[in-house]
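Worksheet for the structure shown next.
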Amino acid sequence: MSVFASLAICKVAKDAAGVAGNIFAFGLFVSPIPTFRRIIRNGSTEMFSGLPYIYSLMNCLICMWYGTPLISHDNILVTTVNSIGAVFQFVYIILFMMSAEKEKKVKMLAWLMGVLGIFAIILIGSLQIDDIVMRRLFVGILSCASLISMFASPLFIIKLVIQTKSVEFMPFYLSLSTFLMSTSFLVYGLLSDDIFIYVPNEIGTILGMTQLILYFYYESKSRRMDAEDPLIVSYA
């Protein structure tokens with residue numbers, strides 16, 4: 001096989017992994033919809049926190065900027081997935097603020113302005129770096145750190161599942177989407193030889209796999225316990 005044929009196959013495989021990552025990420029982006037149906041129906045944010053959507057927006061904006069040609073080469077699929085993610089998170093934040101109490105609404109607005117301000121500083125600051133290699137390094141480190149912190153957030157849920165021995169607070173499809181998306185972009189990053197993509201997604205793949213293993217373990221254990229419970233027979 002010629003070198004050109006190998007490169008062509010690698011390019012197709014990389015694009016396929018990126019497209020798959022975009023599709024699986026969509027599952028993550030739509031996962032809060034049931035929560036917002038409840039918020040809109042009740043007209044209250046209740047005990048829900050809006051900070052996860054703030055963090056996700058920050059992550060999507062930084063990673064979207066990293067994927068643009070001004071920062072890195074041939075990473076348009078990174079830009080597309082994070083652009084879509086940023087729109088979803090922004091809509092969720094607006095919906096949350098519409099139903100929140102005044103104090104919570106003010107805090108969310110302050111957080112939103114802070115995120116947009118920080119992103120503007122990162123965007124303008126990175127463009128001041130003339131050396132494209134240093135510019136990519138600067139934004140790449142930020143995007144890598146942002147992704148790792150986002151993937152690390154389920155550690156609390158994993159701890160909760162182990163403590164309660166219940167998967168009630170760890171939705172299966174959310175864990176599956178996380179695993180599939182991370183695996184797809186891990187392959188994408190390896191084929192691109194981009195350390196800022198494959199390192200955080202390797203961590204995401206491991207954490208996603210851990211969640212799935214815990215889910216199947218405790219779910220099967222719960223079913224066995226239910227099956228072993230003696231039937232209550234009434235002779236009344």
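Just so you know, glycine gets a Cβ as well, placed from its N, Cα and C.
Copied over from TrEMBL:
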type     : residues : note
TRANSMEM : 16-36    : transmembrane segment
TRANSMEM : 48-67    : transmembrane segment
TRANSMEM : 79-97    : transmembrane segment
TRANSMEM : 109-129  : transmembrane segment
TRANSMEM : 135-158  : transmembrane segment
TRANSMEM : 170-191  : transmembrane segment
TRANSMEM : 197-218  : transmembrane segment
Same-chain residue ranges lying at least 6 outside the transmembrane segment (135-158) that approach it to Cβ under 8 Å: 52, 55-56, 58-59, 62-63, 65-66, 70-72, 122, 125-127, 129, 169-170, 175, 178, 182, 195-196, 199-201, 203-204, 207, 210-211, 214
Top Cβ-contact partner of the transmembrane segment (16-36) among 109-129, 170-191, 197-218 (pairs under 8 Å): 170-191
Selected stretch (most C-beta pairs under 8 A with the transmembrane segment (197-218)) from 48-67, 79-97, 109-129, 170-191: 170-191
Contact set, same chain, for the transmembrane segment (79-97): CB under 8 Å, 6 or more residues outside the stretch: 18, 21-22, 25-26, 28-30, 32, 36, 39-40, 45, 48, 50, 53-54, 56-57, 59-61, 63-64, 67-68, 105, 108-109, 112
Long-range environment of the transmembrane segment (170-191) - Cβ separation under 8 angstroms, sequence gap at least 6: 10, 13-14, 17-18, 20-21, 24-25, 27-28, 31, 77-78, 151, 154, 157-158, 160-161, 197-199, 201-205, 207-209, 211-212, 214-215
